[in-house]
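Per Swiss-Prot, compositional bias 'Polar residues' is recorded for 222-236. Per Swiss-Prot, the feature region 'Disordered' maps to 222-244. Residues or ranges marked as transmembrane segment by Swiss-Prot on the basis of sequence analysis: 11-31, 50-70, 90-110, 123-143, 153-173, 191-211.
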Amino acid sequence: MWLGDYSLLNLLGIFLQATFIQNILLSTFLGMCSYLACSSRLSTANGLGMSVALVLTITGSINWLVHYFITKPGALAWLSPALANIDLSFLELIMFIVVIAAFTQILEVLLERFSRNLYLALGIFLPLIAVNCAILGGVLFGITRNYPFLPMVVFSLGSGCGWWLAIVLFATIREKLAYSDVPQHLRGTGISFITTGLMAMAFMGLTGIDISKPTTSKPAFVTNIATDSPQPNTHSSSEEPKAS
């Protein structure tokens, strides 16, 4: 339940796959609003990316517990066998959003207290983390893949770091584009989408690398060797046939 059949190598594979191969922003284009709005300066993009990664990691872990112990059909059986037939799955999305919104509010209070400059730089986009579809999408992706708890934590961390990496790279490029001779009709949104598309194509080059699946069975060649090997002769060579 907590680790399942996943090894440490599989956990590393899940992290790399969520960060690079299946980057939640560049492969599914979730969270594009804040990605485009808060990437004009590298410092602001870095702060927002760090916040999204933190919120996604913690809320992904909490929502996994919500799914398996509250909203999943039969999840309440751990409280009492009489509650095994209760199905609260219709409340799942609402509870996921409530958890994300609550933790976002906590993060907003902490940033206002300890990082006033970042709090002012993010502005209205900080409370909008609560409705950032990348966070809810990362949670739902992990739940639908039936990850155990630790792989879910690693997947949430990788998805958050992938979004963070994408917005930091994009902010770096946008700072360079500010001093470039971009055609007038492509300035602003046009060159931003072109740049994002080229970044997505670059990350697609890693497609095919997959070490995230658990190995629950022996390799095929081991099975073939076991089945093709000659069976030992159980009859003694000195045994004579019986007379009819």
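Glycine is treated like the rest: Cβ placed from N, Cα and C.
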**Message:** Please report, as numbers and ranges, the same-chain residues at least 6 past the borders of the transmembrane segment (90-110) whose CB is under 8 Å from any CB of it.
**Reply:** 51, 54-55, 58-59, 62-63, 66-67, 70-71, 119, 126-127, 129-131, 135-136, 139-140
**Request:** Would you mind listing the long-range same-chain contacts of the transmembrane segment (50-70), meaning Cβ under 8 Å and 6+ residues beyond its ends?
**Result:** 1, 31, 34, 76, 78, 88, 92, 95-96, 99-100, 103-104, 107, 111, 122, 126, 129, 132, 134-135, 138-139, 142-143, 147, 149, 152-153, 155-157, 159-161, 163-164
**Sequence-remote partners of the transmembrane segment (153-173) [C-beta within less than 8 Å, at least six residues beyond its ends]** = 11, 14-20, 22-26, 31, 35, 38-42, 44-46, 48-50, 52-57, 59-61, 64, 134, 138-139, 141-142, 145, 147, 192, 195-196, 199
